[in-house]
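Positions annotated as active site, nucleophile by TrEMBL: A:K466. Annotation source TrEMBL lists compositional bias 'Basic and acidic residues' at A:362-374. TrEMBL lists A:146-242 with the feature domain 'BRCT'. Annotation source TrEMBL lists region 'Disordered' at A:99-142, A:278-297, A:342-381.
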Amino acid sequence: MEEKEAFFKDLFRFDEEEEDEPLDSCFCHVASILRHSKARVTSHVSPLLPSTKDIFLRSVQASTPLARTISTPLPGLKTPLTAELEVVYETPPLTTPTLKKAPGALQRLTAGPGPTGSRQRANGGSGMPKASKKRKRGQSLDMMPGSQQIFKGLGFYFIPDNDIAPARRMRIRKAMEWGAAWIREFKDGISHVIVDSDLNYKDVLSFLKIQSLPAHIILVNEVYPAECISFRYMINPRQTHYQVDGYHEVLAAERIVSAAPSSITSLALKSAKGELVRAPQTPSRTEGSDQCPATQESCEAQIATIVNKEPIQAHTAEAVTGGSNSGPKDALDEAIEEARLVKDLPLVDEEDEVTQSMSSIDSDHEGSDTESKRTKLKSKGSLDKSWQKNFSCMQKHDGVNKLTSLNTRTIEVLRQMADYYDRTKDHWRLIAYRKAIAALRKQEHKIMTKEEAFAIPFIGERLALKIEEIVWTNRLRRLDNTHAEPNDEVLQKFLNIYGVGYSQASKWISQGHRTFDDLRNHANLTNNQKVGLDHYDDFLARIPRAEMELHGKSVREAIHQVDKDIQVTIGGSYRRGAADSGDVDFIISKPDAPIHCLRTLMLETVIPGLFARGYLKVGLATTSKEDGTKWHGASCLPGSTVWRRIDFLLVPWEELGAAMIYFTGNDIFNRSIRLLASKKGMRLNQRGLWRDVIRGPNRQRVTQGTLVEGRSEKKIFQILGVPWRPPEHRIC
DNA sequence: ACTCAGGGGTG
DNA sequence: CACCCC
DNA sequence: GAGT
Ligand SMILES: O=c1ccn([C@H]2C[C@H](O)[C@@H](COP(=O)(O)OP(=O)(O)OP(=O)(O)O)O2)c(=O)[nH]1
Ligand SMILES: [Mg+2]
C-alpha cells in the first residue's frame, strides 16, 4: 500500500482498448508541461502577500467552497432512517455523486474494520467526545498579527452555537484568529450573527427565541467571514450573497428597497453551476483575467457575486457590467431554503453532514455495484487482488488535469510545503506531500472541504485540514511560518545546487554562508558542487522539447558514427511526452551485444568524441568500475552557452525493458510499481523483474531472486498484473 | 508500530 | 560510511 | 504525513 489510487475502474475500462497500442506518437505534451514532480523549486515561489489583483482572484476561489457547502444539503432528501442516528459520515458532499470519485470514497468506507465507522471513529467518534480529541491537534488558535486582525473588536455569534460541525469549527476558529470574539450568549457585544447557510431567518429567530433581530446586529451567512478574510477587508455585509434567507425581505420591507431579482433565476442555472454546463458568460475581469488560479467554473460561479462587492467594484468597473447577473447564487440559496423548509429545521449540529453523507452514500452504493462487478471479473480467480488497486502505477496518469487546473492554488501551496520538507527532517513527509499533490492533481473537482479532501487517497486528516485552510484563506500558516524563517530562502537556494543536499546546505548555513560567493570563497566544494554552482541557472532551467530533439540528434549521430547498431532512445520526461525536461536521459543499448563492449565503446570512443566536438563539457558521475552502466555529465549544444545535464544509461539488450521502465519513470511511478512487485514477492529494478525474492526482517532482502523478465516492458507489466501504460500515462 | 524502491557514484 | 542523485 |  503506497502509491495508490482508486482506479480499477479506469484501469479495466481503458486497458483493453489500449492494450496493444502504445502509440508513442500522440501524447499530451501539454499535460506534463507544468507538472514537475521534483521537489526542488525551480524558480522562486511567489511571496505570500497577494497583490490586489490576487486578492480579487483569490476571493473568487475562497468563496467557492462556501457556495459548495451551501449547496450541499440541497439534495434535501435525507433518509429519515439514517438521519437520526449515529454515524456522521465524513464523505465528500456534492462532488461525490460524480462517478470518478465514487470508488475512492467507497474504498474508504469499506476498507475499515466496520463497513462504515472506521474512519469516523478515528476522528474521535466513539470513545471520547470528538471535540476534545480533535482539539488536541492543530486546534490552538494561531492568531494573526494584530494589525491584520480585521475582526478585532467585533463579536460574532454563530448559529448553531457550537463548533461541532467541522466546517463551522473552522469558521469560528478563523474568525477568532482574525480578531473576532466568539460570543456564545445572545447578549451585548455581538456585532454579527453568522448563520449556517442552510438556515433561514425564521430559523434564526426561533433559535434565538426572539421576535426580530436588533437593528444594530448584522446578520450574515457563513460565507461572509470567509470572504472578509480573503479580502482582508470588512465587506459590506448587506449584499444578497451574504444574506440569510428570508432576511432580505425583512430588510426590504424596512427600508423599502426592492429585493434582489434572485427569485427569477431558474434552477437550471443552478445545476449548470454545478459543473455540467459552463456558464456562458465569462465576464471580463478588469485585470488578471488571464491568471485566474481557480477553475473556470468556480470563477464563473463567483463572478456574479464578486461583482457586487463594493471594494472590488471600485476597482473593477468593467466587471460590474460584465457579470451583473446575480443569478445562480441566489437561486441556489432559495432552493436550499425550500429544501430546508420541507424538512423542518433540525438544528442538529451534524445535521448537514448527515445530509451530505446521504447523498454520497447513495452514490457510493450505486458506484459500488458496477465497481464490484468489474473487480469481480478481474479477480475471479479466487485471490482478492483488490489491494493492488491502490497502487499508483495501476492508474492511468496522463497529467491532463494539470492544465484543467482545478486545485491549482491548493496544489501550489502544498507544493511549497513539500519544497520546504525537501530532504529535511522528515524524508517521508516529503514523499507523503508529493503523493498527496499527485492525488489532488488528478481530482476533477475542486476540493473545498476537508471531507472532500479526506476522501482522496493519500490525503489524511492533517492534509485535509490544511487543504481546507488553503481553500478558505488562500494561505497556510504553516507555510507562512516556514517562509518567515529567514534562512529558508537560502536553504532552498543552496539545495538547488547540483550535488548539494539538505545536509550540506544546512552545514553551510550554520557556518554563516549566505550567498554563492560565500560558498565559492569560503566553503569546501566537491568537484560536482563547483560545477553545480557555476551552472546554477543552467541546470535549473527547463529544456524545451525541441532542444531535446537536437540533443538526441547530436548524440545519436556521434554514436552511429561509431556503431550503427546501437540504439539510442531519449527517456525520462521526454519519453513521457513532456513539453520540457530537466535533463536529457539517454538509454543506450545494442542488440545482443555484451555490456562490456557497449561500455567500452561508449566510454572510450563515443564520449571522448563528444567531448572533442565540444558537446560534452564535464563528467559528473562517470562509471568507474567494470560493471558501471551510467554516465552522468553536462553538455552544451553548439552555438549555445547553456549547459544541460545529460544522462547515459548503458543497457544490455536483454535488460532493455526493465531499463526502459526505470528510465522512463516517472519516479513515483517507478516506486509504485516496484513496491507492487515487492508485495508480490518479486523485485523490480533497472535490470529486470525478479522472483522468489526472500525478505527478512525489515523487509531486507535475503535472496536476490531469479530473473523473470527484463527484455520486454510489456511483459513486465503483464507479469505484475499492471495494465499497460504508455509512457505518457506514467506521469504519477 | 511499522513501512514507505532500488540502485548507483562520490569523497 | 554518509550523502547526493537517478 | 498516510496507510495498514
Ligand atoms: O528517484 C528517482 C529519480 C528518477 N528515477 C527514474 C525515473 C525518471 O524518469 C528517470 C530519469 O530521472 P530524471 O531525474 O531525469 O527525471 P525525469 O522523469 O526525466 O524528469 P525531468 O524532466 O526532471 O528530467 O529516472 C527513479 O527511478 N528514481
Ligand atoms: Mg530527465
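In case you wondered, yes, glycine gets a Cβ from its N, Cα and C as well.
The Cβ of the residue listed as 'active site, nucleophile' lies under 8 Å from the Cβ of A:L414, A:M417, A:L476, A:R478, each of these being in the same chain and 6 or more residues away along the sequence. If you take every residue in the domain 'BRCT' (A:146-242) and average the pLDDT, you get 81. With DSSP classes pooled into helix, strand and coil, the tally for the domain 'BRCT' (A:146-242) is 35 helix, 16 strand, 46 coil.
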